[in-house]
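Engineer: Handing you a structure now.
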Amino acid sequence: METYKKSHILSSLSDEQKLSHQSKHLLLELYKCDGEKLNDESFLRCILNRAAKLANATVLNLISNKFEPQGVTAIALLAESHISIHTWPESNYSAVDIFTCGRNMMPELASQYIIESLMAKEHSLHVIERNPPSAVPKQIRTAV
């Protein structure tokens with residue numbers, strides 16, 4: 001069952017390219033960050049924009065919301081997927097998702113940039129390799 005729209009980035013790939021296609025989802029948790037930076041909506045928007053460029057991604061849209069009394073959520077919609085950040089300045093904590101699709105993407109560079117920009121003294125990073133259904137061999141797809 002093909003669920004991708006014609007305009008999706010994967011629609012232009014050959015079957016061979018799809019098999020070697022690489023989608024990565026980085027789950028990043030940042031601890032002991034600079035609380036002021038975590039509460040600065042403009043700063044966080046700039047970070048997401050720069051992180052996307054470092055990852056070789058194309059920003060389609062960037063939306064954000066500052067909560068009262070504190071905290072920000074910002075999401076960069078990418079041609080290649082998304083980057084999101086949710087902050088808890090009162091706990092000096094932030095959760096970040098970086099999901100990229102494509103062999104030329106470098107989400108690890110975006111991750112390192114965000115860690116450094118928020119001055120996180122500790123972090124945890126989990127990397128999940130994701131494959132679209134067309135990249136999974138048919139015998140595996142039908143077995144699940």
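Heads up, the Cβ atoms here are built off N, Cα and C, so glycines get one too.
Annotations in TrEMBL come from automatic prediction, not curation.
Bear in mind that the values here come from a model prediction, so they are computed numbers and not experimental data.
According to TrEMBL:
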ACT_SITE  S81  active site, schiff-base intermediate with substrate
ACT_SITE  H86  active site, proton acceptor
ACT_SITE  C101  active site, proton donor
MOD_RES   S81  pyruvic acid (Ser)
Engineer: In whole Å, how far is S81 (active site, schiff-base intermediate with substrate) from the residue listed as 'active site, proton donor' when you measure between their Cα atoms?
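Structural biologist: Cα-Cα distance, the residue listed as 'active site, proton donor' to S81 (active site, schiff-base intermediate with substrate): 6 Å.
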Engineer: Near the Cβ of the residue listed as 'active site, proton acceptor', how many other Cβ atoms are there if near means within 10 Å?
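Structural biologist: So the number of other Cβ atoms within 10 Å of the residue listed as 'active site, proton acceptor' is 16.
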